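The structure appears right after this line, and notes come after that.
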Amino acid sequence: MFDNIVAISSGAKVNQAISIIRLSGPDVFEIMKKIFTGKVGKDKSITYGYIKNDQEIIDEVLVMWFKGPNNFVGEDTVEINAHGGIVVSTLILETIVANGARLAEPGEFSKRAFLNGKLDLVKAEAINDLIHSKTVQQAKINIKKFDRKTSMFINDLINKLVFIIGTCEVNIDYPEYDDIEELTLEVLLPKLKDLEKEISKAVELSERSRIYFNEIPIAIVGRPNVGKSSLLNALLEEDKSIVTNIEGTTRDVVEARFVLNGINFLLKDTAGIRHSENVIEKIGIEKSFKQIQDSEIIIHLVLENQDEDDFERKIKELSEGKKYIRVINKKDLISKDKIKKDQIYISALKGEISELEKAILFEYQNIDLDDFRMIQNTRQLALIKSSLFSIQEAIKGLEQGYTPDVVIVDITKAWEDLVNIVGRADNEKLLDSMFSNFCLGK
């Protein structure tokens, strides 16, 4: 049996119009009778009244009543809609605590909902991820997890592994039992390979969709005065970098974040790369090379008819295995008959960069955000990758001649990882760690 908990669910901004205080537990209706002047409402009803401390009125409120177990938390819950601000909210909290509740830990309402069987960990984490979404695409991806299709997919994998494990154990412990399928190599290997294929596809889709949650680093490199800082400013639509006609103006890396089609990028405007005897400028050039190594996308900015030198070749060499985009700047100064169709031309100073933006996004298109097999949550993705590794180890073991009683260890590990994605109520340490990252009142 849980105790009674309370928290502000709407945050605690100083000047917000409304504050929502949530209570949950076995005695919350009785607590409300002590401090609320209105009627105790029926399930899913709203009543009007005042919150009082002894006979002193604290606030005029609307109270929403939710009888357990048919609500989010799965137990009696009350939500008080009070006037906003820290002072009034704090007074109401103190009054509730004085009458038999305690302050909730972060995520404790969601944790109770999980323990009461109202949601699994996939949906619980989707709620938290939705709250912390930074882009529209992130929010769309997270809300899709509410329909439980991802959970159903994981549970289907779990059930297939349960069948394999159960059959293996019967074959090991009761080899004389005739009513169960004999798991020979010819039977077990295809089943595991089918599972490997399913999980591999989920991991592949998940890795691709991570672009909407990770920051993709882009290094803008090239010679001095080719327009790198102007390009950074054009992409950001603001003046972040200093732009002059003096070569070597940028001597350190200037970083800025921007979102393009819902994808987060980290732009890095680097020092111009050339031969220099200036000690400070040489340090900046070395940093430019380092940024090429550390970035996923390299925008190599050049001018028309620019000859390739040793530094240009080094940029290309360091860009091997990365997305390399060669861009010709100052398009407005080039006659139309000299523009080639297979090249990307821009005018950074005039903000004419649409062709470059298309090139940046090219490899990140055609991702189906509705695919329920996609897993973006870091904890869940690590677990499904671990389960895939264990299944691959089991397959490898069988192909090397090991018997089912040996590889069942790897198969069981794969099952445990998948079970921990949707959640196990007996793993208290996991639950405490996960729900502690939630907001107060959630």
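Even glycines carry a Cβ here, placed using N, Cα and C.
Annotated in Swiss-Prot:
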| type | residues | note |
| --- | --- | --- |
| BINDING | Arg22, Glu79, Lys118, Lys442 | (6S)-5-formyl-5,6,7,8-tetrahydrofolate binding site |
| DOMAIN | 215-365 | domain 'TrmE-type G' |
| BINDING | 225-230, 244-250, 269-272 | GTP binding site |
| BINDING | Asn225, Thr244, Ile246, Thr249 | K(+) binding site |
| BINDING | Ser229, Thr250 | Mg(2+) binding site |
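Feature map: Swiss-Prot annotations on the structure.
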residue	record	DSSP class
Arg22	(6S)-5-formyl-5,6,7,8-tetrahydrofolate binding site	strand
Glu79	(6S)-5-formyl-5,6,7,8-tetrahydrofolate binding site	strand
Lys118	(6S)-5-formyl-5,6,7,8-tetrahydrofolate binding site	coil
Asn225	GTP binding site	coil
Subject >> Largest tally of Cβ atoms lying within 10 Å of a Cβ, found at which of the binding-site residues Asn225, Ser229 >> reply: Ser229
Original post:
In the structure shown, which of the binding-site residues Arg22, Lys118 has the fewest other Cβ atoms within 10 Å?
Top reply: Lys118
Subject >> Same chain, 6+ residues apart, C-beta under 8 Å of the C-beta of Glu79 ((6S)-5-formyl-5,6,7,8-tetrahydrofolate binding site), given in sequence order >> reply: Ser9, Ile20, Ile21, Arg22, Leu23, Val63, Met64, Phe66
Subject >> Cβ atoms near Lys228 (GTP binding site) (within 10 Å, other residues, all chains) >> reply: 30
Original post:
What's the CA to CA span in angstrom from Asn225 (GTP binding site) over to Lys118 ((6S)-5-formyl-5,6,7,8-tetrahydrofolate binding site)?
Top reply: 60
Original post:
From the Cα of Lys118 ((6S)-5-formyl-5,6,7,8-tetrahydrofolate binding site) across to the Cα of Ser229 (Mg(2+) binding site), what is the distance in angstrom?
Top reply: 52
**OP:** List the Cα distance (Å, whole number) between Lys118 ((6S)-5-formyl-5,6,7,8-tetrahydrofolate binding site) and Lys228 (GTP binding site).
**Re:** 53
